[in-house]
Ligand SMILES: Cc1ncc(COP(=O)(O)O)c(C=O)c1O
C-alpha cells in the first residue's frame, strides 16, 4: 500500500498483489487505519552471532493507541464490518489483549460501539479490572467490558462466548459484527499478505543503499493466535520474497499452530501446506503472559542497548527464542539476512511494572548548591 497519511480512516476498493490474485475470496474493500509503511532498520541485538545480519520491521509503530500487528488485520475486518452494516463490534481476548484494545479504538474511529470479552483469573473476575496498560485505553474509549474467568473460557471456548453475546445484542435490536480471537481468520490474514508486498518494496531500497546481501532470507515473528504467520508465510511463499518464516509461539504448541494456520490458508484456497511454508517453534516458556526474570531482563537489556522496547508477552519471547535458536543451532542461521517483525504490545509492559522495577536504572535527588543563581524567567513556576 502507498503512504496513506492523506487517506487515513478512509475505505477504498482493495486490489490484491498480482501474486495473490488467485486466492479466494479476495476482500473487496480495505480501511486505512495503520501508518504505513512501517520502518525497517538494522538491529544490533546484544549477543547476536556475528555471522547473522539482523534487521527489524517496526510494526510497533503502526500507530499510537491503534498500534501493533492487529491494525493490519483490522484494516480488512473493519471494512467488512462496515460493509455488512454493523453498528457494533464484538471481540475477545486476554485481560491485556492488544487486539481488543486496537479493536476498541478502531471501532470508535469508525463510529461503532465495541464489546470486549476479557479473560482473567477466577480471583479477579468479579472485581474492577483496573486501568493498567491496554485496559486504560479500552475503558477511556468507552468499550463495554465483559469479564470471564480462565476456567469459563476453557470450558465454553471463545466462539460460544462471542456467539452468546452476539445473540443477546441482536435481541436488543443491535447489528453486531464478531471478530475472532486476535483477528485471526482468513480475512484478517490479508493484513500480513499486504505487509509482504510492503517488505518487497522496502527490500529494494535497502539493497540499493547497503553493501550487504540483497534480500531477506528469513522473517522472524511472534505467534499468538496464528493470523500474522499465516499472512507472512503465505505471502512470502507466493511473492518473489521467498524468505523463510520462523514463528515463535507464545501460547499453544507448534502442532496446534500448524493446524490452525492450515485452516486459514485453506480458507483462501491457497493449496499449500503450512508445514512447507512456516517453521513454528515453541517460545512459551512459563506459559501465556507469564514471564521469567530472565526474559524480562532480556527485554530490559535490549531496550537499554538498542532503544527498541519489546513487549514481554509476544515480541520479547520471540526475540529471546530467536537468539536462543541462533546460538543453539548456528548452522541454521549462519550467513543469513534476517528480518524480525516487532508486532507491538508496549501497553502490555505496564502490567509487568512491578516485576521490572528492581531491574530498571537508578535515579537520584539532584544536588543543587544553595548559591546557584537563577538565569531564566521570573522564578514563577508557570
Ligand atoms: C503484540 C502482539 N504481537 C504478536 C501477536 C501475535 O499475533 P497473532 O495473534 O496474529 O499470532 C499478538 C496477538 O496475539 C500481539 O498482541
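Just so you know, glycine gets a Cβ as well, placed from its N, Cα and C.
Annotations in TrEMBL come from automatic prediction, not curation.
Per TrEMBL, the features are as follows:
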DOMAIN    33-344  domain 'Tryptophan synthase beta chain-like PALP'
MOD_RES   70  N6-(pyridoxal phosphate)lysine
ACT_SITE  97  active site, nucleophile
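Following the DSSP three-state reduction, the secondary structure of residue 70 (N6-(pyridoxal phosphate)lysine) is helix. Under the three-state DSSP scheme, the residue listed as 'active site, nucleophile' falls in the coil class. With respect to their backbone Cα atoms, residue 97 (active site, nucleophile) and the residue listed as 'N6-(pyridoxal phosphate)lysine' stand 10 Å from each other. Taking Cβ-Cβ distances under 8 Å and a sequence gap of 6 or more within the same chain, the neighbours of residue 70 (N6-(pyridoxal phosphate)lysine) are 98, 99, 102, 103, 182, 183, 344.
On the 0 to 100 pLDDT scale, the model's mean across the domain 'Tryptophan synthase beta chain-like PALP' (33-344) is 96.
There are 29 other Cβ atoms within 10 Å of the Cβ belonging to the residue listed as 'active site, nucleophile'.
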